[in-house]
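So that you can see what the record holds, here are the features copied from Swiss-Prot:
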TRANSMEM  3-23  transmembrane segment
TOPO_DOM  24-50  topological domain 'Cytoplasmic'
TRANSMEM  51-71  transmembrane segment
TOPO_DOM  72-86  topological domain 'Lumenal'
TRANSMEM  87-107  transmembrane segment
TOPO_DOM  108-179  topological domain 'Cytoplasmic'
DOMAIN    134-184  domain 'DHHC'
TRANSMEM  180-200  transmembrane segment
TOPO_DOM  201-216  topological domain 'Lumenal'
TRANSMEM  217-237  transmembrane segment
TOPO_DOM  238-336  topological domain 'Cytoplasmic'
Amino acid sequence: MSWNLLFVLLIGFVVLILLSPVFKSTWPFSTFYRNVFQPFLVDDQKYRWKLHLVPLFYTSIYLYLVYTYHMRVESTIKNELFLLERILIVPIIILPPVALGILAMVSRAEDSKDHKSGSTEEYPYDYLLYYPAIKCSTCRIVKPARSKHCSICNRCVLVADHHCIWINNCIGKGNYLQFYLFLISNIFSMCYAFLRLWYISLNSTSTLPRAVLTLTILCGCFTIICAIFTYLQLAIVKEGMTTNEQDKWYTIQEYMREGKLVRSLDDDCPSWFFKCTEQKDDAAEPLQDQHVTFYSTNAYDHKHYNLTHYITIKDASEIPNIYDKGTFLANLTDLI
């Protein structure tokens, strides 16, 4: 099979993935949606072996880079490397991503069953994103603050960040350290390889094989990808939130920008509400006949509230994040 044919098939597959949800009632997209898209990309519980494909893909890429170096590159640049570099530094750089990747895969984040109510590790409810006495509809256990149910792992993960497809594991309380070390080790190994190969290529007096250029480009690309992803992860930590909470905060701030987020000044009501203005159909004067209803920011509370004393939030600084310790280091220490 030629590379051109393989490329065409790959593009066709991507097009089917993108269009099948839109044209799921039209053949041939309907067949693809029913037999491929739905069971493989939507249903978490069907064909669970698919969850190992991305970690296998990552492992294959990494092993290909190592193979290319040892079998096609090392012999051509051997004289350009220091002895200590060949026998110690290179092996040390190659091994950590593999070892830490395995460690991140097998390290289990804590869940609600590990949580003891009233313990010193318990996070308080902020009555904005999290409310007490809310039971997970699947686990049937009261959800601690900052927890989230993972449909793939089928459990409520404490301080849940996200389910990482690269290691097929939930990132949460108990394995943040392993996850961050895995990311940093990938950046360091790829960056070192890229810079060293680039330096050798620029200063070499002889023509180097194409494999050196290929490995240099691949390591450079993976350095950028890993660095961007790691930066985005750590930027969230700086703000005192998780990936899961970032989505919640975005929703809260969208309501604020629309002038629909209010804080109650009544002692007998939860603090935060969404304001919904409804126009009466038979109103003669629209501005004077608007009906205002308030809904709690608690997604599990569907009651209508009538507030008499409240203020409309106009700036993000008026919304406290009680989980933000103030500095990046303090937030990172709290997670790990």
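Going from the start of the chain as shown, residues are counted 1 onward.
Including glycine, each Cβ sits where the backbone N, Cα and C put it.
Model confidence over the topological domain 'Lumenal' (72-86) is summarised by a mean pLDDT of 85.
Taking DSSP states H, G and I as helix and E and B as strand, the topological domain 'Cytoplasmic' (238-336) has 27 helix, 23 strand, 49 coil. For the topological domain 'Lumenal' (201-216), residue counts in helix, strand and coil come to 10 helix, 0 strand, 6 coil, using DSSP. Same-chain neighbours of the topological domain 'Cytoplasmic' (24-50): 16-17, 151-152, counting only residues six or more beyond its ends whose CB sits under 8 Å from a CB of the stretch.
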